[in-house]
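Trainee: Handing you this structure, nothing more for now.
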Amino acid sequence: MVGNNTVNNINTPKSVGPWRSTNKLVKIMNDSFYDLPCPVNLNAWWSFGSMLGLCLIIQLLSGLLLSTHYTAHEDMAFDSVVHIMRNVEKGWMLRNIHANGSSMFFICIYAHIARGLYYGSYLDKTVWYFGVHLFLLTMAEAFLGYTLPWGQMSYWGATVITNMLSVIPVVGESMLRYVWGGWTVCNATLKRFYTLHFLLPFVMVAVVFLHLFFLHEKGSNNPLGIESGTMCVPFHPFYTIKDLFGYVCFSFFFMYLVCVDPELLGNHLNYWPANPMKTPIHVQPEWYFMFAYAILRSIPHKAGGVYVMFLSIVVLYLIPSFHSGKYRSLCFYPFNQVVFWVLVGSFISLTWIGARPVREPYIILGQCLSVIYFSSLLLNPLSLWVWDKLLEYPKFCSSRPVDLKWFKFLAYFKLLKLVNCESSAREWANKCSKM
């Protein structure tokens, strides 16, 4: 009997999990997406991260196809773009997808960054820093792509933006000549920009994988900013459905831009070939750089304007160090929510100001909005600390019910502590605790 039982136990097949959990290669993807534990209370703002992945894929595929027809030469670049639009089968759609895909990319990026600022996702510092690296790489990639059509705005935009290198002490002029490949923007510049525009996306893909690796290692933040280890659900089907809905909404707006109004976010001057002998009246970048351009032109000093403009972007690296609150999310800080929306309003207003002519009242408005932009970033950590201090009260009164009397007690207690009357504040707290 013992022998028979042993044989039966040996021959009994072992229970195995699903194939996606046993195959070593598929398991990596499964743990990163399909069965990834996610907080149960993620809202729609978290869908912008997956939309960014969709944007990257669209830009990679459309850019690869466009590169087969594009010619990186100052005498043929503009005509090659016209050839793509007119002669290549569905070339107009391909080019519109790539051009407007960059706008959709930045819409999703700015929404993704805003979500991180509001809900305190920046406290996962490694994930946040890789995200900022990606943001800077995307800005560089977009600028390089903007110059490739070699239209009038492309040429002069490249001239203005590359000239910012000249403000770097000692090596600035040498760097500028090296980037240009000559004494001005020329054919060598175009070839270098095209090469970098083709190579940078592969660097971006590598950084994206690092961004996701560190995100999944620790887990996503959530709207409350609290630990969610015991309140998780698998990514599929709960968040795949949400992301698919986000893709549908994304596609409606994207296809409107591609098929109905492809020049809504573009610049008509880029339909003129580049002319080094004729400077446009108003040289301006694409809309997603307008906020930085408005800050740049708000400061009359060239070097000062470039430094402040650069600071308006790299300040994102300093955000985690500025956090002074006890909680991550702004859900618990009403005043900081106002500061956050002031920041968003100043960003949108600066984008609008950047598209206006350089004259009054737009100059003074740009200067005021630049001050508001930086002030809101500095005010946020201060108001976090103040709000936490305002809500502190003696531990021996923690059991007191929260009502109008509680608010009155807290107001008097804080007022007495503010004027350094510690003993009076304690007496007041003792008196109120006996009431």
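The backbone N, Cα and C atoms fix where each Cβ goes, glycine too.
What TrEMBL lists as heme b b562 binding site is His98, His197. Per TrEMBL, heme b b566 binding site is recorded for His112, His211. For His216, the entry in TrEMBL reads ubiquinone binding site. What TrEMBL lists as domain 'Cytochrome b/b6 N-terminal region profile' is 16-224. If you look up TrEMBL, you'll see 225-395 marked as domain 'Cytochrome b/b6 C-terminal region profile'. Summarising the annotation, TrEMBL assigns transmembrane segment to 44-66, 127-148, 154-172, 193-214, 244-260, 305-323, 335-355, 362-387.
Each of the listed features needs to be described in terms of its position in the shown structure.
Mentor: Of all Cβ atoms in the protein chains displayed, 21 besides its own lie within 10 Å of the Cβ of His197 (heme b b562 binding site).
Annotation for His112 (heme b b566 binding site): spatial neighbours Phe48, Gly49, Leu52, Gly131, criterion Cβ-Cβ under 8 Å with sequence separation of six or more.
Over all protein chains present, the Cβ of His216 (ubiquinone binding site) has 17 other Cβ atoms lying within 10 Å.
Outside the transmembrane segment (127-148), and at least 6 residues removed from its termini, the chain residues within Cβ reach (under 8 Å) are 63, 70, 72, 77, 81, 98, 102, 105-106, 109, 112-113, 116, 121, 154-155, 157-158, 161, 189-190, 193-194, 196-197, 200-201, 203-204, 207-208, 210-211, 214-215, 218, 285-286, 288-289, 313-314, 316-317, 319-320.
Proximity of distant same-chain residues to the transmembrane segment (193-214), defined by a Cβ-Cβ separation under 8 Å and at least 6 residues beyond the stretch ends, is recorded for 32, 53, 56, 59-60, 63, 67, 70, 72, 124, 126-127, 130-131, 133-134, 137-138, 140-141, 144-145, 147-148, 158.
Listed by sequence, the residues of this chain that lie at least six past the ends of the transmembrane segment (244-260) yet keep a Cβ under 8 A from its Cβ atoms are 44, 47-48, 50-51, 54, 93, 96-97, 100-101, 103-104, 108.
Away from its own ends, the transmembrane segment (335-355) comes close to residues 110, 114, 117-118, 284-285, 287, 289-295, 297, 325, 362, 365-366, 369-370, 372-373, 376-377, 379-380, 383-384, 386-387 of its chain (Cβ-Cβ under 8 Å, at least six residues beyond either end).
If one looks beyond the transmembrane segment (362-387) by at least 6 residues along the same chain, the residues whose Cβ comes under 8 Å of a Cβ in the stretch are 291, 294-295, 297-299, 308, 312, 315, 319, 322-325, 333-336, 339-340, 342-343, 346-347, 349-350, 353-354, 356.
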Trainee: Restricting to the same chain and to sequence separations of six or more, state which residues have a Cβ under 8 Å from that of His211 (heme b b566 binding site).
Mentor: Val127, Phe130, Gly131, Leu134
Trainee: Between His216 (ubiquinone binding site) and His197 (heme b b562 binding site), how many Å separate their Cα atoms?
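Mentor: Checking the Cα atoms of His216 (ubiquinone binding site) and His197 (heme b b562 binding site) gives a distance of 29 Å.
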Trainee: For His98 (heme b b562 binding site), which residues of its chain lie six or more apart in sequence with Cβ-Cβ distance below 8 Å?
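Mentor: Gln59, Ser62, Gly63, Leu66, Gly145 - these are the non-local Cβ neighbours of His98 (heme b b562 binding site), listed in sequence order.
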Trainee: Who are the long-range neighbours of the transmembrane segment (305-323) in its own chain, taking Cβ under 8 Å and residues 6 or more past its ends?
Mentor: 113, 117, 120, 122-123, 125, 128-129, 132, 135-136, 139, 164, 167, 291-293, 295-299, 370, 373-374, 377-378, 380-381, 384
Trainee: Looking only at residues six or more beyond either end of the transmembrane segment (154-172), which have a C-beta under 8 A from one in the stretch?
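Mentor: Distal contacts: 143, 146-148, 179-180, 184-185, 189, 193, 270, 274-276, 279-280, 283-285, 302-303, 306-307.
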